[in-house]
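Novice: I have a structure here, written as structure tokens, and I will follow up with some questions on it.
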Amino acid sequence: MPAPQCASCHKARAALRRPRSGQALCTTCFCASFEAEVLHTVVAGRLLPPGAVVAVGASGGKDSTVLAHVLRELAPHLGISLHLVAVDEGIGGYRDAALAAVRRQAARWELPLTVVAYAELFGGWTMDAVARSTAGSGRSRSCCTFCGVLRRRALEEGARRVGATHVVTGHNADDMAETVLMNFLRGDAGRLARGGGLGSPGEGGALPRCRPLQLASQKEVVLYAHFRRLDYFSEECVYAPEAFRGHARDLLKLLEAARPSAVLDLVHSAERLALAPAARPPPPGACSRCGALASRALCQACALLDGLNRGRPRLAIGKGRRGLDEEGPPGRRGSHSRPDPPLRSPSPASRDSSSPLGSDDVGVRGRL
Amino acid sequence: MAAPLSVQVEFGGGAELLFDGVKKHQVTLPGQEEPWDIRNLLVWIKKNLLKERPELFIRGDSVRPGILVLVNDADWELLGELDYQLQDQDSILFISTLHGG
């Protein structure tokens, strides 16, 4: 059967149906609608005020490519300036090719680009080194857990270096829905409590962060990139097949086939979730080591790096208190409401670092 | 009874990796008893073009969820998906969305 007419301009042939409205649109009207929606998301949510210096997390992939392209079109209208920040996690055979794509984009769009590397920020701990350190820890590979935390920290650091006032990332509706599923599947009450919403306002000194594409389905992001002929890097990270997110993604794809609105509905459900009092996380404090926002003595990044440096990579992985409890002295009271035990001071064999950022911890290099 | 057809089959978004990295394939589909629809095209692709790991491209008689199908730059959803009857000189593009962004 021939494609229907565009419901907007009634002139051209429709190219797709927008999942949310069911409206059939031609490529021109779809691209315009997509861009208008991003603009609306930003303006209605007051996400990027005039004068904002916006650090765009750029991986070379489809989402950040579309994000940077659209924001660049909207920048004059919004009165913002853009700066691409790319994170080099140190994944051989993958990240180098992706960074090449980012460099091409920066040149084509004439946008400044800053690259921050794990190796430099985290005392030599590249993702390849983390993967070697966590291999054989049983169950599925947990190096992706490290990457999620460390990449956010690296992006924050890169944004600071360029004097940004805001950070944006290209997460789309599917990513958000997958995260909601993952948090439920892992019983992560803390993240569920913080989940939903258009972005974090930047508590504890962190830069405000938002996701302008979060109402766009992944399919629309890919089609937008295709219709606008945007060049992006489309290989899967070498560690991704073993990441837990893959299970959530498979489930989401099946759900979406049965009920296309399931993706956005999941995100909306998470936004409206209210946790039982016992499940609510304690108000966050500051990391005792680096000062970043933390709900325990150490922020996640410091706790993960600590575990790596001590040769106990699984130290900080695991929900709530369980990770740090591994380190608690024996014979403590069994009550679950006890405060976190203080971390014992590191053994002489593993050098302690005063800050995970810019550390030159000699003890780490032996593990590379 | 279907006449032979000349179509362009394209792969993107990483899907080309399953086809020796070749993105564009100019293809002549032979005349046959059954009509040339997308369903039969997939069978033909699996047999003649797919180089490795069919489960990453095909599930059942359709494409794996997460792989978009465009016919002449239009979403196959608008055209009847597997039942769309191929025309001579059609361009069918398969884009994988199954990777990080």
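Just so you know, glycine gets a Cβ as well, placed from its N, Cα and C.
Sharing the record's features from TrEMBL:
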- A:54-237: domain 'tRNA(Ile)-lysidine/2-thiocytidine synthase N-terminal' (DOMAIN)
- A:Gly57, A:Ala58, A:Ser59, A:Asp63, A:Val87, A:Gly170, A:Asp175: ATP binding site (BINDING)
- A:285-315: domain 'Cytoplasmic tRNA 2-thiolation protein 1 C-terminal' (DOMAIN)
- A:315-368: region 'Disordered' (REGION)
- A:346-361: compositional bias 'Low complexity' (COMPBIAS)
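Give me the lay of the land around each of these features.
Specialist: Summarising model confidence by region, the domain 'tRNA(Ile)-lysidine/2-thiocytidine synthase N-terminal' (A:54-237) averages a pLDDT of 88.
For A:Gly170 (ATP binding site), the same-chain residues 6+ apart in sequence whose C-beta sits under 8 angstroms from its C-beta are A:Gly57, A:Ser59, A:Gly61, A:Asp63, A:Ser64, A:Thr65, A:Val66, A:Leu67, A:Arg211, A:Leu213, A:Val221.
Within the domain 'Cytoplasmic tRNA 2-thiolation protein 1 C-terminal' (A:285-315), the DSSP-based counts of helix, strand and coil residues read 10 helix, 4 strand, 17 coil.
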Novice: Helix, strand or coil: which one is A:Gly170 (ATP binding site) in, per DSSP?
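Specialist: Assignment for A:Gly170 (ATP binding site) reads coil.
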Novice: For the ATP binding residues given in the record (A:Gly57, A:Ala58, A:Ser59, A:Asp63, A:Val87, A:Gly170, A:Asp175), what is the largest pairwise C-alpha separation in angstrom?
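Specialist: Output for ATP binders A:Gly57, A:Ala58, A:Ser59, A:Asp63, A:Val87, A:Gly170, A:Asp175: max Cα distance 19 Å.
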Novice: According to DSSP, which kind of secondary structure is A:Asp175 (ATP binding site) found in, if we only use helix, strand and coil?
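Specialist: SS state of A:Asp175 (ATP binding site) = helix.
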Novice: Give the helix, strand or coil assignment DSSP yields for A:Asp63 (ATP binding site).
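Specialist: For A:Asp63 (ATP binding site) - judged by DSSP and reduced to three states - the answer is helix.
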Novice: Going by Cβ pairs closer than 8 Å, show me which of the binding-site residues A:Gly57, A:Ala58, A:Val87 neighbour chain B.
Specialist: none
